[in-house]
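Asks: Okay, here's the structure, questions in a sec.
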């Protein structure tokens, strides 16, 4: 293959051709873009909670009302921060029984309402027990929202833009994280110590989320869900609205036929013609079909490796880590540094969504992100070890701060966005709700366990060893991606099944082929 062919057949070149070939009406469809943006708002609650709860305990008004001290009551504060993830795991698992029954839009509205109720209970909680209950209620809304958000986006997105639109969920998550952290910072610096100081932080996002619920009545349901429950006319009308093209347009007609054929094949394989798929049939399809087992392991392992890479631990324990590095400070400085790190991750995620996920492809994005994280982890581990033993040069300290931000960039490009994208796009139509619910349930319970263990990991490994531990897992992630994560960028959701058939360890030599390419090769061989 010559130099010209290397560039013209690259992932970026293929992506550019796909975008140019896609009808302009589809790429700029107002209904599609607004609907995707709305579903992406499902990412607001989780990171608003993470950003605020991790620093809210520093507010004097919070400490005075709940009789807590960051130094004396570390265990109670850790419970306050972590309880929400138990609710997230349980809620995500239970969402499977709801998503396919009432549809994506009504599920979105229901889960947003549950989260608002939890926030209001927390806002007016008279004591710590009520606050703990509120945290679990919030989690019961947050977990299902992480299921329905990306799942709904990938179900309405055109193939060429699926990764870009699905990554909006992560972009919104990090924007919410940034805003919530600076909201706490603003309350700390500009409000007198009182209950209102923390109540503003909890109540203000409820107004925005309520407006999102209102807006949802003007946007599109998932056409794939409509076809799944045999509401074919509504499904066709929804695809026409989302694509901005008439029903008889070749692209629309092909998409409709592809969805119909895929659902009919899935139902026929397991003799299930019911509107709301039975649990036994779903479990049989998920755990007895090798291609679906491969999807399950990829989704679960991707989330586990994301946590074991250390990125969320760095975010959760940013201030103690900066203190270890000798660049910590008072409460105001700690809040400011947390906010700046959140802002940086938001912009990193924005860059990744436009220039990596679809343009570079899933596998290459993972390679870039994981290698970047691994190098940063190694440097931070070495730096902290020498910092504990002796003074280090100022340049080394500045480089360590830069390494934390570079670590955030690597995470945004690879193991932050892509597990969420995989969680929504990997599954066949009948299994999508179950697969997304299973992966998010595992994700949040695993997150809870690792987050609770993080202080012990830091202390048992003399702090610096934890980063070498994370770097080791990044190396494991590299091997896993190379052998077991196939490239699915550019494939429609109905074309993915062929990729997941065969050996689980053939990802490094498999090349995704779309239906039109297969047909072209067949015609060429015949002629």
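Yeah, the Cβs are placed from backbone N, Cα and C, and that goes for glycine too.
Below are the features listed in TrEMBL for this protein:
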{"type": "TRANSMEM", "residues": "27-48", "note": "transmembrane segment"}
{"type": "DOMAIN", "residues": "35-489", "note": "domain 'Major facilitator superfamily (MFS) profile'"}
{"type": "TRANSMEM", "residues": "76-98", "note": "transmembrane segment"}
{"type": "TRANSMEM", "residues": "110-126", "note": "transmembrane segment"}
{"type": "TRANSMEM", "residues": "132-154", "note": "transmembrane segment"}
{"type": "TRANSMEM", "residues": "166-188", "note": "transmembrane segment"}
{"type": "TRANSMEM", "residues": "200-220", "note": "transmembrane segment"}
{"type": "TRANSMEM", "residues": "300-323", "note": "transmembrane segment"}
{"type": "TRANSMEM", "residues": "335-357", "note": "transmembrane segment"}
{"type": "TRANSMEM", "residues": "366-386", "note": "transmembrane segment"}
{"type": "TRANSMEM", "residues": "398-422", "note": "transmembrane segment"}
{"type": "TRANSMEM", "residues": "434-458", "note": "transmembrane segment"}
{"type": "TRANSMEM", "residues": "464-483", "note": "transmembrane segment"}
Asks: Please determine whether the transmembrane segment (166-188) and the transmembrane segment (335-357) are in contact (criterion: at least three Cβ-Cβ distances under 8 Å, sequence separation 6 or more).
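Replies: In contact, yes.
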Asks: Are there three or more C-beta pairs under 8 angstroms joining the transmembrane segment (464-483) and the transmembrane segment (366-386), sequence spacing 6 or more?
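Replies: Stretch pair touches.
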Asks: Same chain only, please: residues at least 6 beyond the ends of the transmembrane segment (434-458) with a C-beta under 8 Å from a C-beta of the stretch. Say none if there are none.
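Replies: For the transmembrane segment (434-458), the sequence-distant neighbours (Cβ-Cβ under 8 Å, at least 6 residues beyond its ends) are 78, 81-82, 85-86, 88-90, 92-96, 99, 139, 143-144, 146-148, 150-151, 282, 286, 292, 295-296, 299-300, 303-304, 307-308, 312-313, 316-317, 320, 419, 422-424, 426-427, 466, 469.
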Asks: Cβ under 8 Å, sequence separation of at least 6 from the ends of the transmembrane segment (300-323): give me the contacting residues as numbers and ranges.
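Replies: Sequence-remote neighbours of the transmembrane segment (300-323) are 50, 54, 334, 337-338, 341-342, 345, 370, 373, 377, 401, 404, 407-408, 411, 415-416, 418-419, 422-423, 438-439, 442-443, 446-447, 450-451, 454-455, 457-458, 466-467, 469-470, 473-474, 476-477, 480, 484-485.
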Asks: Under a Cβ pair cut-off of under 8 Å, which of the recorded stretches 110-126, 132-154, 200-220 contacts the transmembrane segment (398-422) most often?
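Replies: Stretch with maximum Cβ contacts: 132-154.
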Asks: Any idea what the model's mean pLDDT is for the domain 'Major facilitator superfamily (MFS) profile' (35-489)?
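Replies: The predicted confidence over the domain 'Major facilitator superfamily (MFS) profile' (35-489), as a mean pLDDT, is 86.
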Asks: State the residues, same chain only, that lie 6 or more residues beyond the ends of the transmembrane segment (110-126) and have a CB under 8 A from a CB inside it; answer 'none' if no residue qualifies.
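Replies: Cβ under 8 Å, 6 or more out: 42, 45, 91, 95, 98, 102, 133-142, 144-145, 148, 199, 202-203, 205-206, 209-210, 212-213.
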Asks: Please give the sequence-distant neighbours of the transmembrane segment (200-220): residues at least 6 beyond its ends with Cβ less than 8 Å from one of its Cβ atoms.
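Replies: Residues packing against the transmembrane segment (200-220) from afar: 31-32, 34-35, 38, 41, 44-45, 48, 52, 56, 105, 108-109, 112-113, 115-116, 119-120, 122-123, 156, 176, 180, 183-184, 187, 191, 238, 241-242.
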Asks: Grab the same-chain neighbours of the transmembrane segment (335-357) for me: Cβ-Cβ under 8 Å, and only residues 6 or more beyond its ends, written as numbers and ranges.
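Replies: 51, 54-55, 58, 163-164, 166-168, 170-171, 173-175, 177-178, 181-182, 184-185, 188, 315, 318-319, 322, 329, 364-365, 368-369, 404-405, 408-409, 411-413, 416-418, 421, 489.
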